[in-house]
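Asks: TrEMBL feature annotations, pasted as is:
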- 12-33: transmembrane segment (TRANSMEM)
- 42-74: region 'Disordered' (REGION)
- 52-74: compositional bias 'Low complexity' (COMPBIAS)
- 87-593: domain 'Neutral/alkaline non-lysosomal ceramidase N-terminal' (DOMAIN)
- 179, 288, 525, 564: Zn(2+) binding site (BINDING)
- 339: active site, nucleophile (ACT_SITE)
- 596-762: domain 'Neutral/alkaline non-lysosomal ceramidase C-terminal' (DOMAIN)
């Protein structure tokens, strides 16, 4: 056998990797033996509740008032009336943004993609549905985050039990992430995700959990008799399959049954009260919220969030974004291989297509093969795709006439996914595997490539990377390598347990039915064909036991995150999605089998006989972020909030107003929310001599950019992209922040400040 030799680049990479590993191991060891980080950020001062209401005080005689303010009621839930046909319906929304600086964005796992400000706020949207007598009920929550972590789910369930007793439980509560790749990381407990997040941020975790809880509390309080209507229709021009080569591995006879290699169907659930007044909607559609690519540094909800924004602004006339009674959730579905970057993958250096099995270019390899959206830039693409979904949902909502009626039933089990025996046919069985990630996982996708020179479609291991892995993490067992074939194991996460297990063993499987509608909570990302097979199997199981013509909805990214689920055939060619199918080639078959058990239990009224399964762990000692909390300092002779760059005297619609202030780290505002927004755009009303808030930081027309300097100094630049709908008049921009102060030998304190720009005029011609 020829002796292995390394190039200069490979030698440098080995040295760099070994140095990073040594530093990481030392830090992990130090952090692991110190006190548990569940208690970190004790000075956070997080409020008990959060909401998007703007508080914009002023030192001038004129006052700032929002367009409409909606106080959140804390009164008990209303008495439920039983003499009607339908369901009790409650909707609620709350802010769950977390910190918007000094934290990684969750989704691309790209080192250096840290948050540097805010494009839009993130919201938790909750829907409580109950039968007329209130005995059976459910909660569905769609959250503007990458995915739901197991730790988050367990904490929410604990707090719900503390507040409501046995009313809301593991079987009737679904938490679903929209899968935006532009939300903050740091809310996980398993080591792979903690490493990707560069630590566990209790600040962000608490903010998210508090927001989820608040949205459920609002929905619970607002319960009223109403009706549900369902409708379905196709969304065209919003998606492509990003792994068509994998899709083609599925049997031709199966593919021939479908007109597209993506699921184009959108399902809309419309909610109204008995008077016909509109309450909200849930839309399920398969698309990755990756219109904002991995060069973005502003927290935002991507295309799904923009669709929610448009729908809520349409229904909540006169309200600021994030306010108003109508709640519209655009929830995730089987989006595993579905991209919104509709122009497809092209080599950025030549413009040629790189739609091939390995997603590589002749020059530059996989790092130059990138898919682009339909717009002139990523923000424009986000809005185009979001508007497309919104317009279809609006039409489906308006024409929805099929009423949903029938009992509300929920079924749930915890399952050890590393050891499920799957019946392949009448004579053969197979088993799932301990978790492992394959080589192509490190390659990334055409929506966001990996940082090293891995390629998709890798089915053979590389001695170079195997040696690096073995030296750092130890060798994977023959058992795990054999189980995952043909996946070449890059990281044997199921055999790594320090400082905590690297991947979950225990996962949730869950179905909630509302009459003929079945909502299935999937703890990961089904590919298109995986979702089709799953829906058919669950629907057939219901039919076998007398529940005919069920509509089976896949709700993705629910309850715990387990990466992807491909079909057995797609798994064989090991593109990114297959390499990220962590429980092996029979993962989909295992999920189908497990969910059929739940469907049968619901159909035969034997849910009470289901075992709860092994309860998942809740770890209390987690790695803290390596970015320290430091004191904020203004430049000499300046104060926090001082204007460094004022606005111009006059602007036209379509232009951009920019104002730069002496800033402070915005993560302080996640610790002490004296103000509920980082910015407001305000218009002077001469008749009332008041300033009216027309935009806040949840508006897509505004940007909050934070520029980090040295020694605690920073600037904040606020942008207002003046829309065509802006009314002519006199305007100003206000900035709200918090600075961290610490005197000698005293604990740190968080102090609020605010500032106002000079006025400027907006003209329409």
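Cβ coordinates come from backbone N, Cα and C, glycine included.
TrEMBL annotations: computationally assigned, not manually curated.
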Asks: Show, in sequence order, which residues other than 179, 288, 525, 564 on the same chain lie with their Cβ within 8 Å of the centre of the Cβ atoms of the Zn(2+) site.
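Replies: So the additional residues around the site are 332, 335, 336, 338, 524, 556, 557.
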Asks: May I ask which residues of the same chain, at least 6 positions away in sequence, place their Cβ under 8 angstroms from the Cβ of residue 564 (Zn(2+) binding site)?
Replies: 336, 524, 525, 526, 527, 576, 577, 578, 580, 581, 582
Asks: In the structure shown, which of the binding-site residues 179, 525 has the fewest Cβ neighbours within 10 Å?
Replies: 179
Asks: Which number gives the other C-beta atoms within 10 angstroms of the C-beta of the residue listed as 'active site, nucleophile', all protein chains shown included?
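Replies: The Cβ of the residue listed as 'active site, nucleophile' has 23 Cβ neighbours within 10 Å.
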Asks: Please report the number of other Cβ atoms within 10 Å of the Cβ of residue 288 (Zn(2+) binding site).
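Replies: Looking across every protein chain shown, the total is 26.
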Asks: Can you grab the distance from the residue listed as 'active site, nucleophile' over to residue 288 (Zn(2+) binding site)? Cα atoms, rounded to a whole Å.
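Replies: Here the two Cα atoms lie 5 Å apart.
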